[in-house]
Every structure is written in structure tokens, then in C-alpha cells.
Amino acid sequence: MKALGAVLLALLLFGRPGRGQTQQEEEEEDEDHGPDDYDEEDEDEVEEEETNRLPGGRSRVLLRCYTCKSLPRDERCNLTQNCSHGQTCTTLIAHGNTESGLLTTHSTWCTDSCQPITKTVEGTQVTMTCCQSSLCNVPPWQSSRVQDPTGKGAGGPRGSSETVGAALLLNLLAGLGAMGARRP
């Protein structure tokens, strides 16, 4: 019941969801079902970047991001998507208590606008991070790169309330589904 209260509070605080929701996955060819080793893919990206340069050395390469919804902490996202021009990669991490213990989920997607933020609503901490390099939106516990532990990045603790609200709602609903399956 506490999670339902958090969902209602998130709706009141953030207004109606809309902008920044996860994008529909593009064609199956964008999916990545291979092992965690991306060496071959990295070589393809370098070749693609070289062929997509505009006169003057400017690049028109589309950003590639992981795209998954509400995965538990121990699962990796293997789906990828080419973002539209001007989009960024986003990672949302939610830590909250459920009847069965601590639940951590992560969601990743392309979005038109992203500003890093960390908020706590009804005991659930939500952290959104943004990045602009290919396949950069992995949770910090799955990344070999050192990341800002606060999740604030250069943008500071501000963010689009619609984006955070929609993402928080998505993660809380996933948690409710996990709790509902275990009730007597």
C-alpha cells in the first residue's frame, strides 16, 4: 500500500507523464543479443563514424543507447537503439523498500532532453543520469568507467519533472507487480 501512495504522490508532484518516456524500440536489427563483449561493435562504430563525417570534419553519427525498462539490478540490458538527432542517453535507477526487501531497478532509453537529478519520494530514491556517447547509459555497478556517484553530473540537481515523474511511475509500477505476485 505504501508503494501505491508513492505512485499517487509522484503523479501529484510531477504532473502528467509525457515527455521523455522510453522510446519504442526500432527495428530488430538495432537489437543486440550478443555477449557482453562489444569489441566487434566498437570497430563497426568507428568505421561508421568515419563514413558519416560531413565536410569540415563535423560528424552526423546518431547516438546509440541501451533501451530497457525496469530491469532488476542483477540483469543487464542487451537491447540497443539508434537515437534521433539531438537526443541523449538516459539511465534511471530506483532504490526502494518493498515487503520482500530492498528493490533496485534500472531503466535506459533515448530522450529529447535530459537533466541529471536525484530525488527521494516515499522512501524510494530515484537517480537519473545523462550521457552523450555511444552505449554510455549503463548502471554504475555494470560500468568499468568511474562515474559521478551523486548522479548530478555537470547539470546539477535539476531535471524535467515530467521525465522524472514518468520514469518514477514506471519503476514503481514494476515494483508493485513484483510485490503483487508474492502476496498470499
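Yeah, the Cβs are placed from backbone N, Cα and C, and that goes for glycine too.
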TODO: Tell me, from Cys68, Cys77, Cys83, which cysteine Swiss-Prot puts in a disulphide with Cys110.
DONE: Cys83
- [ ] Going by Swiss-Prot, tell me which one of Cys65, Cys77 is disulfide-bonded to Cys68.
- [x] Cys77
Open item on the list: By the record in Swiss-Prot, which of Asn78, Asn82 is the one labelled N-linked glycosylation site?
Closed with: Asn78
Task: According to Swiss-Prot, the disulfide-paired cysteine of Cys114 among Cys130, Cys131 - done: Cys130
- [ ] Among 103-109, 117-123, 131-137, find the range that Swiss-Prot records as region 'Important for interaction with LPL'.
- [x] 103-109
Task: Candidates Cys65, Cys68, Cys131 (disulfide-bonded residues) - the one closest to Cys110 (disulfide bond) by CA - done: Cys65
Task: Per-residue pLDDT averaged over the region 'Important for interaction with LPL' (103-109), given as an integer - done: 97
- [ ] Among the disulfide-bonded residues Cys65, Cys68, Cys114, Cys131, Cys136, point out the residue whose Cβ has the most other Cβ atoms within 10 Å, with all shown protein chains included in the count.
- [x] Cys65
Task: Nonlocal residues around Cys89 (disulfide bond), in sequence order (Cβ under 8 Å, 6 or more apart) - done: Leu63, Cys65, Tyr66, Cys83, Thr108, Trp109, Cys110, Cys114, Cys130, Cys131, Gln132, Ser133, Leu135, Cys136, Asn137
